[in-house]
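Enquirer: Just passing along the structure, written as structure tokens.
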Amino acid sequence: MNCGPGGKPELHERLPNTRETESRSRSERSVAGDFSGKDRNHHRGDTARMAARILLPVLLVLCLGAVATGLYERVCGDAQPRKQDNETPQQIPPDPSKRAARWLIMMRNAAYGWADTPNAILALQLANDTWFNKQDLSSQLSVKQMQIELLSKIARRGFHLKDVPTGELSHYVLALTATCQNPRNFYGHNLLEAIDRALFHFPTAEFNNFYQFSQGVLAICGAGAPVKPRLIKDLAKGQQADGGYPFGVDATAMSILALSCAEKQRIHKHDKDEIKRVFGKAVNYLRIQQRPDGSFGNQHNTGLAVQAMIAANLEPATWRCPDALTTLTRTQHQDGSFGQFFQTTVQVLPALAGKTYADVNRIMCEMAPIMDEDEESFLMTEYDLYDPEEEPNHYVSNMTVQYTIHSDFHPNVSASIEITVPSNTSFIDIMDLAAERDERFRYEAPDTKWGHYVSAIGEVTEDHDEKRYWTIMLDPDISIDEGIDHFIPDDGDHVIFRYRKYD
């Protein structure tokens with residue numbers, strides 16, 4: 001007996017059918033002269049059918065047990081589910097991850113996309129890192145549809161990446177990275193730079209919770225770019241006393257995934273110690289949220305929390321891994337979905353495969369070859385986001401700009417800094433670098449249909465009642481008509497942001 005597809009038993013020794021039994025009975029009667037063979041023949045047929053009714057359920061249970069054991073071993077190692085008193089052991093449905101993947105494939109639309117194409121692709125690729133390959137036309141069409149969707153979103157916003165929601169952009173970056181594409185040069189767009197800039201300005205009206213923030217950090221880290229120390233500091237500042245984040249289990253689980261990725265990078269010991277401190281508090285918070293049945297809330301919460309615990313690399317028995325899986329798979333529908341909800345299923349699927357969103361940077365592209373041999377896989381090349389501390393690029397000319405802030409009404413608000421950047425750098429990037437070096441230059445700039453509008457620098461915010469505003473100009477008193485997104489200073493320019501009154 002073997003366990004076939006879906007955990008169904010296969011019998012190599014076939015049970016006798018009626019025709020075989022009758023033929024054998026006639027032969028026996030002719031040799032032995034037994035005139036009661038007909039009765040024995042019916043008896044044998046009844047016995048065979050009774051044996052089938054008894055054996056098949058037993059074999060099915062054995063096969064389901066083998067599937068359950070395989071799932072436990074894949075995700076939980078040697079840990080076994082706890083048995084409660086007077087409780088019948090729960091059976092895990094056959095091949096839960098494969099059934100969930102099949103359901104996702106069935107939900108694909110005529111354009112080979114989904115309601116949330118990047119999340120579906122990310123889940124399928126994590127569950128099976130050879131899903132996207134040259135031999136599978138359907139998976140290639142799905143990835144192409146994802147590219148079309150993202151290009152369409154960028155085009156609808158006037159080709160300004162800053163106008164694409166950061167959480168949404170992070171989904172795309174993770175899925176692009178998982179399918180071995182370069183998010184730093186997506187048809188000429190640097191997706192990582194856009195996320196990094198949004199993280200720098202966090203929080204804003206549209207980007208203001210730590211689930212999105214952690215997802216952005218994870219997208220940058222998963223793509224192989226360094227996680228800057230200020231991002232770790234922001235995660236530390238946002239962490240509550242109990243180790244969690246606002247929005248509870250989901251936000252805390254996503255922070256664990258981001259920190260588990262960042263911790264593996266080559267970073268300064270001080271930053272690594274900070275990661276461990278924040279990481280440890282978040283993991284303890286999540287363990288406290290686990291319920292007696294092993295879940296962390298609903299299916300959606302539990303799927304992400306299981307991913308976080310896997311990424312935390314804890315001993316599975318310490319967070320009751322088998323109990324969490326048993327409770328989770330118990331809710332799987334016959335069609336393979338979880339609650340027939342798309343977003344829940346894509347979040348649960350990686351966990352059932354023993355994978356997490358933090359594994360994206362460890363998917364080996366050669367396992368799913370999609371590039372020509374003469375193409376360079378960006379995952380094999382280290383690269384960085386722009387860092388003002390690194391050595392100048394000798395192939396790009398640099399410029400030095402003096403940047404000053406001054407208030408006509410606050411004697412203590414006056415500071416100046418020199419910034420060296422590549423030529424043709426927009427002033428908003430210069431402001432970002434200045435703010436990163438000196439907190440006095442931190443600013444707020446709401447995003448409007450005309451671009452970013454500077455409403456506050458340091459502790460000084462515009463005052464509509466008093467008609468006091470921040471104004472950008474070139475020294476000594478030359479007005480600048482362009483916004484900070486499009487204004488590109490020249491080498492040696494002195495740019496001043498002055499807080500003044502307009503009559």
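Keep in mind that glycine also has a Cβ here, set from the backbone N, Cα and C atoms.
The annotation region 'Disordered' is assigned in TrEMBL to 1-44. The compositional bias 'Basic and acidic residues' annotation in TrEMBL covers 9-44. What TrEMBL records for 50-72 is transmembrane segment. Annotation comment: TrEMBL describes Cys221-Cys261 as disulfide bond. Residues annotated as cyanocob(III)alamin binding site in TrEMBL: Asp250, Asn298, Gln347, Tyr453, Val454, Tyr502. Per TrEMBL, domain 'Transcobalamin-like C-terminal' is recorded for 426-500.
I'm curious about the neighbourhood of these features; can you describe it?
Expert: Packing around Cys261 (disulfide bond) is summarised by its Cβ count: 24 other Cβ atoms lie within 10 angstroms of its Cβ, all protein chains included.
Counting every protein chain shown, the Cβ of Asn298 (cyanocob(III)alamin binding site) has 14 other Cβ atoms within 10 Å.
DSSP places the residues of the domain 'Transcobalamin-like C-terminal' (426-500) in helix, strand and coil in these numbers: 14 helix, 27 strand, 34 coil.
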Enquirer: Whole-number Å only: compute the distance from the Cα of Tyr453 (cyanocob(III)alamin binding site) to the Cα of Cys221 (disulfide bond).
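Expert: Approximately 30 Å lies between the Cα of Tyr453 (cyanocob(III)alamin binding site) and that of Cys221 (disulfide bond).
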Enquirer: Roughly where does the domain 'Transcobalamin-like C-terminal' (426-500) sit in mean pLDDT, to the nearest integer?
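Expert: Summing pLDDT over the domain 'Transcobalamin-like C-terminal' (426-500) and dividing by its length gives 88.
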Enquirer: For the cyanocob(III)alamin site made of Asp250, Asn298, Gln347, Tyr453, Val454, Tyr502, how many Å separate the two farthest Cα atoms?
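Expert: About 55 Å separates the two most distant Cα atoms.
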Enquirer: Would you pick out, from the recorded positions Cys221, Val454, the residue whose Cβ has the largest number of other Cβ atoms within 10 Å?
Expert: Cys221
Enquirer: I'm trying to understand the geometry here, so how far is the Cα atom of Gln347 (cyanocob(III)alamin binding site) from the Cα atom of Cys261 (disulfide bond), in Å to the nearest whole number?
Expert: 18
Enquirer: Tell me which residues of the chain lie with their Cβ under 8 angstroms from that of Tyr502 (cyanocob(III)alamin binding site), as long as they are six or more apart in sequence?
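Expert: Within the chain, Tyr502 (cyanocob(III)alamin binding site) has Cβ neighbours under 8 Å at Lys467, Arg468, Tyr469.
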Enquirer: Where among the binding-site residues Asp250, Tyr453 do you find the Cβ with the fewest other Cβ atoms within 10 Å?
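Expert: Counting other Cβ atoms within 10 Å of each of the binding-site residues Asp250, Tyr453, the minimum falls on Tyr453.
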